[in-house]
Amino acid sequence: MGTYTPLIYNIYNVHIWVFTESQGQIGQMSPRGKMETAVSQGQHKQLKDGHQHKGRKLSEEIASLLRLKECRRLNPASYYTPRRTSQSQSLSGSTFKEYNEYINEKDSSRAQRQNAAAVLSKLAHDFWENDCVIDEDIFEDSSDEEQS
């Protein structure tokens, strides 16, 4: 493997490494999935000299070099199976139907418990608000009342 100089340019999210003459590679993929184009030291010198004579920035020269180089981006759709457009249609008759019904039952029982807790808390608040007084009205509906 050849060595490279630490001159790295980032133009249009494309890393450009300036390699020495002994390196024969033209391009690599970076670990992050970005395309990297290797420019030989001679090409780098030509670009730099061209920059001095033409008055253009080195980054513009490298960008024009990249535009001339044929690059194509792969279409990821060809590597993945297509998804259905509506998930509600796929879940209606699926194997998860019983599980979803169980979850809905669990949620409804939770809501019932929350409602019961709210009613109990209101009754307790009313009880303490009335200075813990128990009226005879509480026992009106009781079946243990004495018959007169």
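Using N, Cα and C of the backbone, Cβ positions are placed for all residues, glycine too.
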Open item on the list: Test of record reading: of Ser40, Ser59, Ser94, Ser142, which one does Swiss-Prot tag as phosphoserine?
Closed with: Ser59
- [ ] Based on what Swiss-Prot says, identify which of Ser86, Ser90, Ser109 is the phosphoserine one.
- [x] Ser86
